[in-house]
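A quick write-up on the structure given underneath.
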Amino acid sequence: NAFSLVSGSRSSKTFKPKKNIPEGSHQYELLKHAEATLGSGNLRQAVMLPEGEDLNEWIAVNTVDFFNQINMLYGTITEFCTESSCPVMSAGPRYEYHWADGTNIKKPIKCSAPKYIDYLMTWVQDQLDDETLFPSKIGRCSCVTQDGTFWWNHILIHARRCIPGVPFPKNFMSVAKTILKRLFRVYAHIYHQHFDSVMRLQEEAHLNTSFKHFIFFVQEFNLIDRRELAPLHELIEKLGSKDR
């Protein structure tokens, strides 16, 4: 169960504070649904969009969860990922990453892996905390059209039973894809540079289950370009073939 990573892992240390989904919210219910279906062991089925649910909301809930999982995983090996052990952010000898966020750092900079991952996780956290990008209160009512837009005249007529929440912005999918692309790089770095440490800590089952869940999810909705997945291509093929 991938969620044992967050709740039952031997180490409860996280790299950044855990991002919580408010209890009682629809997104919390979606997360609980995801946990229940993951428990069945069929990851391909578990990542599918539940019937009648909004795709953006499903991707938002899972993106928050993957952030928490990677946060926990990286938190277990931070003492081994140092300026001296990892002077560049890499995933094996062929792949090196330079950091830029387009706002604070516009020109890509070469930096150590711990610095890069700190930049990356802080940036992701800022996106997840932005209510205009990841609204925690999504409007739901019988007056919502199939594509998720509101019939505002119905909202006015049925104001008492219709609660217009904050809609997802037009650029949501683009931002979510960038977040997931960058989170993949943390998995890639851990596998290539720190897998021996993961094994010594007996965390490889957590890492493998979490990564398999992540890959099946991004494949289901075509969220990361295949070229970006190249550093772990062989592992991805192996995980996929085991599931066929």
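The backbone N, Cα and C atoms fix where each Cβ goes, and this holds for glycine too.
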Stated TrEMBL location of region 'Disordered', expressed as one of 1-21, 127-147: 1-21
Output field, Zn(2+) shell: CB within 8 Å of site CB centroid, site C81, C86, H189, H194 dropped: I77, F80, S85, A113, P114, I117, I190, Q193
